[in-house]
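According to Swiss-Prot, the protein carries these features:
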- 17-104: repeat 'Solcar 1' (REPEAT)
- 119-212: repeat 'Solcar 2' (REPEAT)
- 239-327: repeat 'Solcar 3' (REPEAT)
- 1-22: topological domain 'Mitochondrial intermembrane' (TOPO_DOM)
- 44-75: topological domain 'Mitochondrial matrix' (TOPO_DOM)
- 97-116: topological domain 'Mitochondrial intermembrane' (TOPO_DOM)
- 138-186: topological domain 'Mitochondrial matrix' (TOPO_DOM)
- 208-238: topological domain 'Mitochondrial intermembrane' (TOPO_DOM)
- 260-301: topological domain 'Mitochondrial matrix' (TOPO_DOM)
- 322-344: topological domain 'Mitochondrial intermembrane' (TOPO_DOM)
- 23-43: transmembrane segment (TRANSMEM)
- 76-96: transmembrane segment (TRANSMEM)
- 117-137: transmembrane segment (TRANSMEM)
- 187-207: transmembrane segment (TRANSMEM)
- 239-259: transmembrane segment (TRANSMEM)
- 302-321: transmembrane segment (TRANSMEM)
Amino acid sequence: MDSTKTNNKWAAAGILNSVGKDFVAGSVGGMSSIMAGHPFDTIKVMLQDASGNLPKFKNGFQALKYIMKVDGIKGIYRGLSVPLFSVSFTNSVFFATNNFCQSYFHPPCKDENGEDILIPYHKAAAAGAIAGGVISLLITPRDLVKSKLQVQCRPFGSTNVSLQYKGPIDVIRQTIKRDGIKGMFKGIRSTFCRDIPGDAVYFVVYEFMKRKLLALSKNNNNNNNNNDNNDNSSPKAGVPAWVAIGAGGCAGMSFWMSIYPMDVVKTRIQTQPDHLPPQYTSVLQTITKIYREEGISVFFRGFSATILRAFPTSAVNFLMYETTRNLLNSKDPFYNNNDHYNAE
């Protein structure tokens with residue numbers, strides 16, 4: 001009985017230790033990816049806009065040209081402060097939730113040969129879906145504020161026209177004053193519809209690509225007879241940088257390819273004018289309305305800018321996450337490579 005209690009205490013301590021690392025690594029990865037991808041995100045939101053503040057753009061280059069003329073370089077970074085200051089928390093929760101669920105669904109174990117038994121893809125999908133649901137609660141208010149700041153713009157050549165919002169705090173203040181606290185969660189259903197399936201795909205693709213790239217790396221090392229100098233021989237080596245970049249970039253592209261139309265729906269709901277009766281009241285009504293009025297192509301408006309952004313931002317996110325986690329593991333005297341997230 002005493003040994004069982006002791007083992008449970010050690011297991012709980014191990015989980016807390018792992019979650020703590022996820023929070024730190026997720027914070028570093030999230031902030032790095034936001035800095036890399038925000039200009040592309042601004043262009044995407046401008047193309048999806050429903051506020052009426054902007055002209056209709058044919059493509060991302062036209063939107064970029066317009067914002068540079070009107071506001072200069074600062075225009076493409078409008079709304080950056082919102083995700084930059086919040087992403088350290090949201091990305092930490094995202095990775096910590098996913099990894100906790102992976103450990104719950106598939107505790108670390110080895111086969112008869114002493115090799116790690118990797119998490120099945122359906123369990124990785126379930127963990128990613130839960131993480132997507134949790135993170136939706138946190139990012140809906142953030143995306144609402146960010147999107148409203150990104151689409152407000154003075155007409156070209158006009159300097160005397162005042163903007164509706166002075167900054168993130170003003171968006172929050174006006175929204176709560178007008179709609180109450182529930183107004184900050186406008187678009188939450190569409191965010192759930194986007195992130196729950198999207199993040200299931202996200203982590204499955206990451207796991208799949210990581211395993212393929214690690215296997216390729218192992219084969220190359222064996223062929224070159226460099227086993228003595230193989231970085232993977234260290235139990236604390238973790239995921240190599242190039243693997244994190246390749247697998248992370250593919251995961252990011254897969255996420256957007258799987259759910260992009262729902263992102264358009266979310267943006268339409270969140271950027272519609274506040275001073276007018278709402279055009280878009282639900283996910284299904286929004287899909288029906290914009291399809292009837294604008295056709296199927298509207299669901300892919302801004303897709304090119306998003307895909308261009310997806311690979312580098314997700315690659316940076318996973319690179320910094322894995323690098324930070326590897327560093328933390330290397331400083332941890334109790335780490336023994338039984339980490340649930342290590343696919344080696």
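Cβ coordinates are placed from backbone N, Cα and C, and glycine is handled just like the others.
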Quick check on the topological domain 'Mitochondrial matrix' (260-301): DSSP residue counts for helix, strand, coil, in that order please.
29 helix, 0 strand, 13 coil
Do any residues, 6 or more residues outside the topological domain 'Mitochondrial matrix' (44-75), come within under 8 Å Cβ-to-Cβ of it, and if so which ones?
146-148, 150-156, 263-264, 267-269, 271-273, 279-280, 301-302, 304-306, 308-309
Could you pull out which residues elsewhere in the chain have a CB under 8 Å from any CB of the transmembrane segment (302-321), counting only those six or more residues past its ends?
25-26, 28-30, 32-34, 36-37, 40-41, 43-48, 59-60, 63, 91, 95, 206, 241, 244-253, 255-257, 260, 263-264
Is it possible to list how many residues within the repeat 'Solcar 1' (17-104) are helical, extended or coil according to DSSP?
74 helix, 0 strand, 14 coil
